[in-house]
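S.K.: Next up is a structure, given as C-alpha cells.
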Amino acid sequence: MKEAGQMQNLESARAGRSVSTQTGSMTGQIPRLSKVNLFTLLSLWMELFPAEAQRQKSQKNEEGKHGPLGDNEERTRVSTDKRQVKRTGLVVVKNMKIVGLHCSSEDLHAGQIALIKHGSRLKNCDLYFSRKPCSACLKMIVNAGVNRISYWPADPEISLLTEASSSEDAKLDAKAVERLKSNSRAHVCVLLQPLVCYMVQFVEETSYKCDFIQKITKTLPDANTDFYYECKQERIKEYEMLFLVSNEEMHKQILMTIGLENLCENPYFSNLRQNMKDLILLLATVASSVPNFKHFGFYRSNPEQINEIHNQSLPQEIARHCMVQARLLAYRTEDHKTGVGAVIWAEGKSRSCDGTGAMYFVGCGYNAFPVGSEYADFPHMDDKQKDREIRKFRYIIHAEQNALTFRCQEIKPEERSMIFVTKCPCDECVPLIKGAGIKQIYAGDVDVGKKKADISYMRFGELEGVSKFTWQLNPSGAYGLEQNEPERRENGVLRPVPQKEEQHQDKKLRLGIH
C-alpha cells in the first residue's frame with residue numbers, strides 16, 4: 001500500500017515537472033494552475049458542453065423512426081442504454097499542447113469521436129477523460145498508439161451508479177478495461193495534483209474582479225451584489241452531484257471495480273477526495289464568472305446587421321461555455337498582474353459526429369513569455385516601473401498570439417471562425433485576428449478605447465470586417481421589457497422567455513445554471 005502511494009506521488013511529481021510552466025522552469029509570484037489540472041478541468045467542462053439543440057434533433061429523429069407513440073419496448077431499451085452510458089468530455093494533448101476538445105454525442109462516445117477526428121494522429125498523444133473510458137473506446141485508443149490516458153476517478157463512462165448497471169454489464173466492461181490496460185503500452189492512470197497554496201482563494205478573488213462580473217456591477221449599481229456568490233453556490237452543488245460520489249463507501253466500491261483499490265485506504269482516499277473537491281470548487285468558481293445572467297450576454301453593439309451568417313451570434317449558452325474555457329486558460333498565465341486566455345473555434349458547414357455539433361476546436365493560448373525562456377530572462381515589471389526598458393510589455397506573448405501560433409487547424413475563409421478572449425484585444429492583436437481571417441470576436445469591453453502607458457485598446461472599437469460580440473445588456477431593449485414580455489436573443493433573433501423562468505423570489509438579479 002505504501003509503495004502504491006509513493007508511485008502515485010511520483011507520477012504526479014513527474015507530470016508536474018513536465019507541465020509546470022510554458023517556459024519549463026519559471027515560478028511566478030502568483031499561484032498557477034498546472035497543465036495536468038488545466039487539462040483535467042477542461043475535460044470536466046467539456047462534458048457540460050451545451051447540447052440542447054442536439055437533444056431536440058435526436059427526439060425528432062426518434063419520433064420519425066417509431067411514430068408519435070413508437071415501439072415502447074424498443075424506446076425503453078434505448079433510454080436505459082443511454083442512462084447507463086455517461087456523457088464524457090475529452091481533451092487531446094500532443095507535446096503538451098491542446099489539439100482537440102470533444103464531448104460525447106447522442107450516437108458516439110468521446111473516445112470514438114477522437115478516433116474519427118484525429119485517426120492515426122493520436123499516436124503519442126495524451127488523452128484526458130472526464131470519466132474512465134469504456135472498453136469499446138479504450139481498445140481503439142490503445143490501438144492508435146496513444147501515450148497516456150488520464151481520467152477522473154469517479155463514476156466511469158459505463159455507469160456503476162445507475163439502476164441500469166445492475167445487469168452486471170458495467171462490471172464486465174470494467175474488467176475488460178482493466179485487461180486492456182494491463183496488456184497495452186499506453187499508461188492508463190489518474191493524474192490529479194493538489195492545487196498550489198492559495199490557488200482557490202486567488203481564483204475566487206480574480207473571478208469576482210474579472211471583466212464580466214464587474215461589467216454587471218457597473219451597469220446595474222443598485223443590484224444585489226451577492227448574485228455572484230449565489231451563482232457559485234448553485235454551481236458547486238450541481239457539479240458535486242455530477243462529478244463526485246457523495247457516499248464514501250460507494251466511491252470506494254467504484255474505485256475497486258475500476259482497478260484503483262490502492263486508493264481506497266487512508267490517507268490516499270481522503271487526499272483523493274479532497275483534491276477532487278478542490279478542483280470542482282475551482283471549476284464552479286470560474287464558471288460563475290461568466291454567469292447566465294438575465295439580459296446579459298455577448299451581443300453586437302450595432303445589432304442591425306444580423307442577416308449574414310458570419311454576423312449571427314452563437315447561442316448564448318455556447319458563447320458562455322467557450323469563454324469559460326478561455327477563463328480557465330488564463331490561470332496558466334506568466335503575467336504577474338493580468339491573466340488572459342483565448343480559445344479559437346470554428347463552425348463547419350454541417351453538424352459532425354461530435355457532441356459540439358458543427359463547431360470544432362482550432363487553438364488556444366494564454367499570455368506567457370517565449371517558449372524555452374527562463375524566469376530571469378525577461379523583465380516582469382508593469383507600467384508602475386518608471387524605467388520603460390525593464391517593463392514586460394515588449395517581451396510577453398499575448399493569449400491571442402499564442403492561440404494563433406499553436407493552432408491545430410487552419411482557419412478556413414468560407415467557415416465561421418471565432419475567438420473568445422477574456423479581455424478586450426489590444427492594438428497589437430486586433431490586426432492579427434483580422435489578418436488570420438477570424439470572423440467573430442467575443443470579449444469583454446471594459447478597456448475599449450483606453451490608452452495606457454505601454455498598451456492601448458483603440459483599434460478594437462474601430463475594427464471593421466470582423467463581427468464583435470461584447471459582454472453587455474441586450475442592446476435590443478429586452479431589459480426594458482422585463483415587466484411585459486421578456487425576450488432573449490439567440491442566433492441574432494429575439495425569442496420569448498418561458499414565463500416560469502421569470503420567477504425569482506425577491507432577487508434583483510436572476511442567475512441560471514447550465
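The backbone N, Cα and C atoms fix where each Cβ goes, and this holds for glycine too.
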S.K.: Would you identify which residue of His102, His109 Swiss-Prot lists as part of the Zn(2+) 1 site it also attributes to Cys134, Cys137?
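M.R.: So, going by the record in Swiss-Prot, that would be His109.
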S.K.: Which residue of His336, His398 does Swiss-Prot report at the same Zn(2+) 2 site as Cys426, Cys429?
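M.R.: Candidate listed by Swiss-Prot for the same site: His398.
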S.K.: Sequence-remote contacts (6 or more beyond its ends) of the motif 'Nuclear export signal' (271-283), Cβ cut-off under 8 Å?
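M.R.: Distant contacts of the motif 'Nuclear export signal' (271-283): 33, 37, 40-41, 44-45, 152-154, 192-195, 199-200, 203, 236, 239-240, 243-244, 248, 251, 263, 328.
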S.K.: Three states by DSSP: which one describes Cys429 (Zn(2+) 2 binding site)?
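M.R.: Coil, per DSSP.
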S.K.: Check each residue in the chain of His109 (Zn(2+) 1 binding site) that is at least six apart in sequence and keep those whose C-beta is under 8 Å from its C-beta; list them in sequence order.
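M.R.: Expected: Val85, Thr88, Pro133, Cys134, Ala136, Cys137, Glu157.
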S.K.: Could you say which of the binding-site residues Cys134, Cys137, Cys426, Cys429 has its Cβ with the most other Cβ atoms inside 10 Å?
M.R.: Cys137
S.K.: Near Glu400 (active site, proton donor), how many other Cβ atoms are within 10 Å of its Cβ?
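M.R.: Step by step: centre on the Cβ of Glu400 (active site, proton donor), count other Cβ atoms within 10 Å, giving 29.
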S.K.: What is the number of residues in the motif 'Nuclear export signal' (271-283) that are helix, strand and coil, as DSSP sees it?
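M.R.: Taking the motif 'Nuclear export signal' (271-283) as a whole: 13 helix, 0 strand, 0 coil.
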S.K.: What is the set of residues, excluding His109, Cys134, Cys137, whose C-beta falls within 8 angstroms of the centroid of the C-beta atoms at the Zn(2+) 1 site?
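M.R.: Nearby residues not in the site list: Val85, Thr88, Ala110, Gly111, Gln112, Pro133, Ser135, Ala136, Leu138, Glu157, Ile158.
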